[in-house]
Structures are given as C-alpha cells and as structure tokens.
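Structure record follows, encoded as structure tokens.
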Amino acid sequence: MASKFLREYKLVVVGGGGEGKSCLTIQLIQSHFVDEYDPTIEESYRKQCVIDDEVALLDVLDTAGQEEYSAMREQYMRTGEGFLLVYSITSRQSFEEIMTFQQQILRVKDKDYFPIIVVGNKCDLDKERVVSKQEGESLARQFGCKFIETSAKSRINVENAFYDLVREIRRYNKEMSNPSGFGARAPDSKMDVSEPGESAGCCGKCIVM
C-alpha cells in the first residue's frame, strides 16, 4: 500500500542542445514523442506517481542547453535536488559536455557528490552511434553515479531514468540525515544498462499535475 505523504522532488534535466532533453521530459509527462520542438529556454513540468510504494510529486525542470543561456544554469543548479545529465549517443560533443555540467553542479552545491544519473539518449539510433555504451558506463564510474541509456522516441527506459534519480535522492537524503555517518557518498556500484522497455511494477498510477 502506497504512502499517502506527498513528497516533492525537484529534478533537473541538464545537457547541451539537441540531445533530446525536452523529448525525454515530454515523453515522461505526456507519453508521446515530439519530432519538432523549439529550443528550450526553461520549461517546468509536474507529475504525481508512486515509486517503491511512496507517493512522489516530480517537479521536472527542462533546461536550456544553448551556450547563450549558460548564465541561468547556476540558478537552477542551486535549487535542484537531483540531476539527469543527458547526452546523445550520436553526438561526441554532447557527451564531452557532460563533464562540464557535472563539475559545475558540484561547485555550485559545494559537494564532492550529489544525486546525478548519466543518461545516454537516442539509443534507438544505434547505427548512428558514436559514443559506446562502455564510454557512458566509464564516465558514470568516474562520477561515482549511475548510468542508463534511453530513447524518448521508442520510450525505452524513460521512466526508469527519472525514477532511479528519485531513488538516488532518497538514498542521499537518508545518508545525510544519518548522525552516525559522514555524509552522503556515491553509490557502491553503477546501474546496469536496462533492457529495452520500462520495468514492470516500479511505479503505480501517474497523474500529470
């Protein structure tokens, strides 16, 4: 039975331009794929769901990837509780930009670790792949965080990416509140790349707010 306490989670989707951040977010919230989408400045979406028998209100901020909006980044990085660092497996540049975003998040938060998941998007375009799965896994290990490949178009692992970030936030907060611990640490192991398709039973009914 799901808990009735409604906890809000401020999730931020970060990455360069054109790697599918907005498509991932809209697929999660509205369950459809957008072929054409205007470059995002900043869009916020809300969705209520149940993750591991706990009710959660996801407040998802889809951010600008373009360089001209870089001055806005520190503002949303200060308020975010967890971050999806998204790159396209078809773009080497978007992959290389992930390091900059991760370092900026840790600098703004003044932390050695913070809830982050590395997301390799557009995994349905495997024939156009220029970033291997192993490279994504290696970068996530370097960050001490989890890794997953997704496809907004084919709806592969879309919910898993967001829900696993919520789980990581919960784990982080639990460690931070543990008086006998020394603060939150990175996960002990990376996330294995899930097979195509959403995992069954990880979430109950979801409601767009």
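Each residue, glycine too, has its Cβ placed from N, Cα and C.
Bear in mind that the values here come from a model prediction, so they are computed numbers and not experimental data.
According to Swiss-Prot, the features are:
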- 15-22, 62-66, 121-124: GTP binding site (BINDING)
- 37-45: motif 'Effector region' (MOTIF)
- Cys202: S-palmitoyl cysteine (LIPID)
- Cys203: S-palmitoyl cysteine (LIPID)
- Cys206: S-geranylgeranyl cysteine (LIPID)
- Cys206: cysteine methyl ester (MOD_RES)
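Of all the binding-site residues listed (Gly15, Gly18, Lys21, Thr63, Cys123), Gly18 has the fewest other CB atoms within 10 A of its CB. Following the DSSP three-state reduction, the secondary structure of Thr63 (GTP binding site) is strand.
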